[in-house]
Amino acid sequence: MALYATAASVLAGVESRRGSIKGLVYASSFQNVKQLYALVCETQRYSSVLDAVITSAGLLRAEKKLRPHLAKVHRGVSKNEDLLQVESKPGPASQVPRFVRVNTLKTCCDDAVDYFKRQGFSYQGRASSLGDLRALKGKCFLLDPLLPELLVFPAQTDLHDHPLYQAGHLILQDKASCLPAVLLAPPPGSHVIDACAAPGNKTSHLAALLKNQGKIFAFDLDAGRLASMATLLARAGVSCCELAEEDFLAVSPSDQRYRQVQYILLDPSCSGSGMATRRLEEPGAGTPSKARLQALAGFQRRALCHALTFPSLQRLVYSTCSLCQEENEDVVRDALQQNSGTFRLVPVLPSWPHRGLGTFPGAERCLRASPETTLTGGFFVAVLERVEVPR
């Protein structure tokens with residue numbers, strides 16, 4: 001019952017604009033944050049239909065003490081899709097598979113596959129196409145055709161209570177969100193900056209690629225998110241990361257602590273227009289205003305240009321979960337223009353079907369992702385590399 005009561009309080013807070021779903025969930029004292037967040041997001045998704053069901057059933061008239069938000073989260077149905085009207089078909093985002101990254105700091109892919117097989121799941125081997133991922137049903141799962149250590153389950157598969165997830169052996173992470181660390185590809189022993197690090201999935205991925213050898217300097221301004229991130233990293237077995245509650249823009253490139261940093265992952269705050277959950281919790285996030293886009297792009301541009309001033313930097317990945325050109329291609333173009341002859345865009349993953357918008361020469365070297373084209377969340381990635389100076 002505590003789950004429902006807390007969810008009702010979060011929904012009331014969102015409605016009165018006291019904060020976002022994510023912020024209010026993290027601020028609550030409820031222990032299982034993932035479970036609470038999932039319930040609130042699902043309730044918000046079906047809010048209008050739930051209102052109609054509750055009204056037609058006369059639930060609030062019959063139960064005088066029942067609060068409307070509590071009625072919403074406690075209303076029982078066999079599955080959420082039963083609430084949708086017949087003409088309201090699930091969108092592409094609801095068809096995105098459940099991607100599960102095997103945390104190689106704690107286990108290996110073969111052991112994770114064997115564990116699921118013992119639980120009655122049917123392993124279908126490595127997928128050969130997106131069609132294989134679309135066809136997943138029931139208790140079947142695959143190995144992703146592109147990314148090693150990435151398992152793929154049918155959409156809506158819930159593994160939050162799975163023992164391997166609880167123990168940090170598995171990370172629930174969208175495929176597109178795995179691209180930044182994979183494309184940065186720091187070898188073990190490297191020094192890496194994760195400039196806007198919370199909530200920490202990409203940081204833990206970097207640590208796995210480093211095999212916990214080397215150093216990750218992770219920055220974020222939000223103390224609450226950093227605290228949650230510290231818990232996530234500890235559960236994932238990360239031991240090479242130094243967390244700092246600090247604005248990356250205030251970090252000095254000349255500081256001797258960062259003199260060996262050759263790799264930077266920059267995934268700055270963005271509109272979140274590519275994330276279905278963000279669109280749920282923040283009405284209008286799918287189509288941010290021009291003023292909001294300008295403010296975000298200004299920060300992103302400053303952060304990217306600042307990152308490119310680190311003296312030993314060799315390779316940088318810039319990524320967002322936005323679909324907006326202003327936050328993606330435009331930011332990369334401006335940063336390249338300001339660093340002309342010093343850094344270049346690197347062509348990556350030639351088989352990836354969704355490329356950057358052709359807004360400047362070479363923009364096709366960037367990657368885009370969406371539920372429709374790549375069966376992932378909406379995402380953007382660009383890889384920049386220092387130009388070698390002839391000797």
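Residue numbering: from 1, along the chain as shown.
Keep in mind that glycine also has a Cβ here, set from the backbone N, Cα and C atoms.
Now, the feature entries from TrEMBL:
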type     : residues                                                                       : note
ACT_SITE : CYS321                                                                         : active site, nucleophile
BINDING  : CYS196, ALA197, ALA198, PRO199, GLY200, ASN201, LYS202, ASP220, ASP247, ASP267 : S-adenosyl-L-methionine binding site
DOMAIN   : 88-387                                                                         : domain 'SAM-dependent MTase RsmB/NOP-type'
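Within the model, the domain 'SAM-dependent MTase RsmB/NOP-type' (88-387) carries an average pLDDT of 94. There are 13 other Cβ atoms within 10 Å of the Cβ belonging to ASP247 (S-adenosyl-L-methionine binding site). In this structure the residues listed as binding S-adenosyl-L-methionine are CYS196, ALA197, ALA198, PRO199, GLY200, ASN201, LYS202, ASP220, ASP247, ASP267; their two most distant Cα atoms lie 19 Å apart. In the shown protein chains, 25 other C-beta atoms lie within 10 A of the C-beta of LYS202 (S-adenosyl-L-methionine binding site). Separation of the C-alpha atoms of ASP247 (S-adenosyl-L-methionine binding site) and CYS321 (active site, nucleophile): 20 Å, rounded to the nearest whole number. Around the Cβ of CYS196 (S-adenosyl-L-methionine binding site), the same chain contributes PHE219, ASP220, PHE248, LEU266, ASP267, PRO268, SER269, ALA303, each under 8 angstroms and 6 or more positions distant in sequence.
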